[in-house]
Each structure stands twice: as C-alpha cells, then as structure tokens.
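Student: The structure under discussion is supplied below as structure tokens; questions concerning it will follow.
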Amino acid sequence: MDHSRGGVVVMIIEILKGNDAKILRHDEKVILALVPNDKLRTTAELLFKAGCYYATGVGVDERLLGVGFSMYHIFNCESEKRYVILKAVANNSKIPSITPIISGANWAEREAMDMVGIFFDEHPEPLRLILPDDWPEGMHPLRKEFHYNERPPRIEFKPPKKEKKPGVMEVPVGPYHPTLHEPEVFELHVKGEEIVGAVYRGFHVHRGLEKLAEERMTINQIPFLAERICGICGYTHNCAYAQAVEDAAKIEVPERALYIRTILLELERLHSHLLWFGVAFHLLGFDSGFMHTWRIREAFMDLAELLTGNRKTYGMNLIGGVRRDIDEEKKKKVLEIFEKTKKETKEVLDNAAGMKELISRMEGVGVLPKKEGREIGVVGPVARASGIDTDVRRDHPYAAYGDLEFKVPVYKEGDVLARFLVRYEETFETFWLIEQALDQLPQGDILNEDYELPEYAVGIGATEAPRGEDVHFVITEGGNKVYRWRPRAPTYNNLPAVPIMLMGEKLADAPIIIASIDPCFSCTDHMVIVDGEKVCRCSFDDYLRRL
C-alpha cells in the first residue's frame, strides 16, 4: 500500500469505491461517503489500517429529511489533513457495530443507542452510557419529537446483584470524593493494595446543550452556549463550533480574526496547563508548587480579561470572525506580562522536575502503551505521552497555526511523568506561539457577515484543546438554525483508557493516574436538560404536525 503523502487519499477513495460507497463530499478538508450497511465494518477496518484513527461518531434523526436514522463515523486521517466520514443509514433502527474491530467506537455507538435509538448489531457491550438506569425504555432525547423541556416519568430500577470475587474489595471513588472536582464514579477493584480492575460510570452532569441549541437557538447564539460546555477550555469549544458552521457554509474568515482566535486559544492553553500543574502538585503533596502555579496563572486570567472583557474568554466569537479587536496597547501589555511570567513559570516547573520525591510518584506509574492508546483513540497530551505523534494544530491547520512555528513534544514512555513533560514543553511553546501571533498580526477586518447558511450541509470543526482534539459536528438547517450539533470533548476519548492505566497499580496512585489525563467531566457530560413546569410527551407524527 502507498502511504506517501497524497497516496493515502487515493487509497481511501479506492477503499470507499471498492466497498460500493457513494461519495457525497470530497475536498481538502473532508471526505464524506454513504456506505452500505453490509460493507460498513470492512470499510471502517480498512480505513483504520490505512492510518485513519477513529475520532468519534454521531447519531442523527434524519426522518424529516426522508432518510431515517443515520450514524456518522468520523475518522481522522492526519497524514492527509482530512477527516473521513462514513455515513450509514439504519435499517429498522439497526446498523452493524464497528466496535468489535475498532474499540474506540464503543462509547459513540452506545451514546447513539441511548440518545437517538439506533441499535448496533453485534455490539460487545450494549449497555446504557448516557441515560440513567431509571430512564424509561423507548424514550430517546435526541429524536426530533422529544422536547428539550420534557421530563419523562422515572421507572423503578433495582441494580443487579454483583458476583464478588474472593479477596477482591470494591472501592468507590465518587460520585462525590475529595480527589474528584466533579461528580463521576470510578469503581476500583483492589486486592490488597493492588488495583485489579476498574469500571467508570459518568455522565452525571447532563445539561442538554445539543437539544437546546437545535430547538431554541440561532447559529450565532450557539457560540455563547458552546463556550459554557467547560469552565476551563470553553473558548476552544466556541472555535470548534464556529469552524464547523464555517466549514459547512464555506465562509471565509478574515485573516486578522484568525490570528486573534489563535492568541486566545493559546492563552486558554496556558492557564489550563498551569491549573493542571497545580492540581497534580496538590495530589502529590507538593502544595507550595500548587500555590505558586496558581499564583502565576492569575496573570493569564487578567490577560484574558484585558483581551475579552472577561476572565474566562467569553463572548469573543461569532460565525465569520470575532467581536473584539486587539490594539497596540493590549499587545504591549501582553508582552510585558509574558516577560515576567515566563521566567516564573520556568523556575517553578524546573524546581518540580528536579524533585526526586515527585518524579518517583510519576515515573513508571499509570502506563498506557501506544497500541492500546491508538485503538481507543486517545488524544492530546495523553496520546503524545504514549508515542502517538498527533496535534490538530499541525495535522489540520486552523486559525493562524499554518503560518506559525511550533514543536509538538512526543514521549514514548506513556506514564504520568511523560504526560507531565508533554505539558511542560507545550507550555513554553504556547508562549512562543502567542508572541509570534502578536508580532505578525495582520491588518484588516475582524468579522465577515456576508454569508448564507445552506440547507442540510455537513460541517466539521476541530481544535487542539488543552486536553486534546476537540471535534464539533454540525448539519445546518438553512436560515439561521442547525439541524444537528454534536460536540465531542477530548476527555470523551481519553477516559476509556483510564482503566488500562489503573490496572496493576497501587490504590494510593489512583488519584494522580486519573488526574494525569486532565479529565474534564463537564466537557464530556453535555446532554439532557429538563423543566418540570412544562412537560409534553408526543410522537413523531405529533412533531410533524407542529412544523
């Protein structure tokens, strides 16, 4: 097989055509193909072997379009700077599962089961992922007839009795626990002090963003919702959503706006990484390091307020550009603060890296091998620490990254220390990226409002969030609405790898192993919203009569 640059695209097209796929879109960013159900598994396997790793999957209720229920499997073909999307249409609500050959599709398919009611033949683990156990059968929140403010009746649920293994104790970590900052559950199975098994159950923080956006919001209201997916990396979600719509509508964003987006994205990476260093130091017992990193981080929060009017970089994006400019006075202030904080950051992190007590708690702990990481589809620092050379900023250039120089740190050890070192190097690359962007900031407009939204066009936007690849998928509805919006946060791909990292480790190391992926549970949990004051239960036919 030809794996040279350009040869992979030819091979992908041959794979698709050889499996009777109908190519719906083919450009420099996306290849979208409709694949027959009986060829879906073979096509997905061949794509994976060709070097396209599984990014995410999106279930869509397309009955209003005369299609039925569809599943969009999204693959990242890094070598060709493209995303390959396989679309499969359900037959009697069923589609063949690709999880038996690509384990990274597990969560995406289970989410589509819960939220859309698509069922996947031969799925090895057809259990609920998103919906609670007392949610009634047959109600799927992302079907079009389900209202955003609907609250279904709860059903009585009795958890099945678990078979206990001799000598093995279950230690629940969560949903509320001192080592977790958000409500999630890790069920650790320990024998003595050794972890011999781990089960994760999340999605306790459901907020119904997708349903709310699709039913009630315009395309330029959704950015303000998207940035509230996460309290730390909201701007990267905002950008990924905007890029998805801009991709679907082929909107040209002014160059100056692209540079401003880059500056804010990297500023967000700075304060996010420093927050993680502080949390890691605290979990390792190095509280003076925790306090110093968070002290330095305050300067970056002040810069965010200077540039956006808010310490959380809120309210900056619209479709087609940005809302605020960066003048010469603000540029000068950023560089002045960098001159001091860069030295302080290096001093604190270098001191920590030289402490044997800290290194011994991270080195060789929580190892994720490269092979397992690639199969699961881990992203960001977690992937790069396991020898997977991936970075959306380089592999799918967006904003102004194609014009800027930066290095992508990669380590092969796959342990907590490697994840620490990846973030260490990235922090200083981020300083350099912002300095370049400020120096090269072009003149011109910051917003393009001259565009029309096409009907039912597919768009994809991806950013390299502090935690890894952030993917947003949209189908436009025309006018000023979206038909389907699906945000996929980096933690969604990284969490399934945590049980592998925990196996064979000491119970005392579980907190730092879990924290080493920099989990953002609120990013991952983004689904159901209810309002008990206004409840309506209707069929799809009732929904059609309302249109």
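From the backbone N, Cα and C atoms, a Cβ is placed for every residue, glycine too.
All TrEMBL annotations are machine predictions without curation.
The feature domain 'NADH:ubiquinone oxidoreductase 30kDa subunit' is assigned by TrEMBL to 35-150. If you look up TrEMBL, you'll see Glu210, His526 marked as Mg(2+) binding site. Residues or ranges marked as Ni(2+) binding site in TrEMBL: Cys230, Cys233, Cys520. Look at TrEMBL and you will find Cys233, Cys523 tagged as Fe cation binding site. Per TrEMBL, domain 'NADH-quinone oxidoreductase subunit D' is recorded for 284-452, 460-525.
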Student: When you measure from the Cβ of Cys520 (Ni(2+) binding site), which residues in the chain that are at least 6 apart have a Cβ under 8 Å away?
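Tutor: Spatial neighbours, sequence-distant, of Cys520 (Ni(2+) binding site): Cys230, Ile232, Cys233, Arg467, Ala489, Pro490, Thr491.
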Student: CB neighbours of Cys230 (Ni(2+) binding site) within 10 A?
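Tutor: The Cβ of Cys230 (Ni(2+) binding site) has 28 Cβ neighbours within 10 Å.
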Student: Just name the most isolated of the binding-site residues Glu210, Cys233, going by other Cβ atoms within 10 Å of its Cβ.
Tutor: Glu210
Student: Give me the mean pLDDT over the domain 'NADH-quinone oxidoreductase subunit D' (460-525), rounded to a whole number.
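Tutor: Its mean pLDDT is 91.
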Student: Once the DSSP letters are reduced so that anything not helix or strand counts as coil, what is Glu210 (Mg(2+) binding site)?
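Tutor: DSSP assigns Glu210 (Mg(2+) binding site) to helix.
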